[in-house]
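Shown next, in structure tokens, is the structure this report addresses.
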Amino acid sequence: MPVQCAACGKKAILKRPKTADAMCRECFYWAFEEEIHKTIIDAKLFTPGDKVAIGASGGKDSTVLAYVMKALNDRYNYRLDLYLLSVDEGITGYRDDSLETVKRNRDQYCLPLKIVSYEDLYGWTMDAIVKEIGLKNNCTFCGVFRRQALDRGAMLTECNKIVTGHNADDIAETVIMNILRGDIARLRRCTAITTGQEGSLPRCKPFKYTYEKEIVMYAYFKKLDYFSTECIYSPNAYRGYARAFIKDVEKVRPSAIIDIIHSGESLSIKKDVKMPVQGTCTRCGYVSSQDVCKACLLLEGLNKGMPKLGIGKPHKVRKVRDIHGYV
Ligand SMILES: Nc1ncnc2c1ncn2[C@@H]1O[C@H](COP(=O)(O)OP(=O)(O)OP(=O)(O)O)[C@@H](O)[C@H]1O
């Protein structure tokens with residue numbers, strides 16, 4: 001006797017990783033999309049007329065995000081103006097290929113695409129940065145620059161919100177990483193479904209409760225066109241440990257991912273813990289808790305031939321800059 005779909009009783013062809021329910025393909029699509037719709041509605045992520053930039057890397061998460069955002073926008077008449085926004089970090093043999101995927105997605109989903117590059121914004125490609133700094137700290141440059149690049153690209157297209165494909169697994173990993181680092185400020189922020197302070201655009205994560213395994217399953221069954229190669233410069237060992245830990249725990253407790261997110265959401269910070277105060281960078285005007293933002297510091301280091309200048313904790317960076325007399 002074939003296994004029956006838990007929703008409609010027809011023949012099941014898959015087991016949902018999140019609930020362990022046996023399902024047919026159509027009921028899985030419906031359940032997956034409806035959970036994302038519920039997340040969007042419960043968190044009031046959008047208002048009609050919003051111009052929303054979808055951070056599109058060509059990878060599985062953002063490709064599924066673009067597809068589902070468009071489908072839900074049509075189905076529920078959110079009345080959103082959707083754009084694809086890609087950041088070209090200048091990584092030969094990786095981003096150039098994935099951008100080709102995003103260009104195909106632009107045509108497949110009939111969504112306008114804007115591409116901004118590190119080279120235009122900062123005068124440096126990641127290829128050139130890696131030549132200077134090597135593989136060890138290059139993810140710091142890439143992450144800090146991408147954050148601003150997405151904001152700047154969204155502002156260029158007059159978008160008022162950004163959505164990214166960060167999923168439940170990503171968020172659970174970030175909670176664990178911030179606990180291990182004792183980074184209280186980030187720990188408080190990292191489970192928020194919308195982030196972004198004054199001076200930067202609101203950034204939302206509609207996949208906050210969506211399991212990575214289900215995103216892969218959805219992309220596979222829908223035959224979506226996405227790029228699946230890992231970044232050639234990304235050893236990212238620390239996140240790798242958090243990921244491996246969560247995967248291990250998940251084997252004995254399948255709800256571990258959601259449980260970690262809920263734990264992160266419920267944490268409260270003691271009143272006497274000092275938190276960074278947000279201001280603006282005195283050089284570029286971008287939001288920053290220091291007088292000069294991290295992107296400007298990293299750029300200063302690169303341009304002065306001291307690429308390690310902006311790496312590390314703010315007080316150590318300040319000390320090095322004082323010694324060298326940088327303003
Ligand atoms: N180059 C980029 N241009 C635009 N958006 C990006 C880019 N890189 C990352 N993002 C956004 O940030 C999210 C998380 O990025 P991350 O690097 O963690 O990749 P990921 O989890 O592999 O996601 P994806 O499968 O979409 O590449 C992506 O889903 C996407 O929305």
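First residue shown is number 1, and so on along the chain.
Including glycine, each Cβ sits where the backbone N, Cα and C put it.
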Which of Val87, Val144 does TrEMBL put in the same ATP site as Gly55, Ala56, Ser57, Asp61, Gly165, Asp170?
Val87
Using only the Cα atoms of Gly55, Ala56, Ser57, Asp61, Val87, Gly165, Asp170, which the record gives as binding ATP, return the largest interatomic distance in Å, rounded to a whole number.
20
Which of the listed binding-site residues (Asp61, Asp170) has the least company, meaning the fewest other Cβ atoms within 10 Å of its Cβ?
Asp170
Using a Cβ-Cβ cut-off under 8 angstroms and a sequence gap of six or more, which residues of the chain neighbour Ala56 (ATP binding site)?
Ser62, Thr63, Leu65, Ala66, Leu84, Leu85, Ser86, Val102, Asn105, Leu113
Per DSSP, Val87 (ATP binding site) is which: helix, strand or coil?
strand
Taking DSSP as the reference, which of helix, strand or coil describes Ser57 (ATP binding site)?
coil
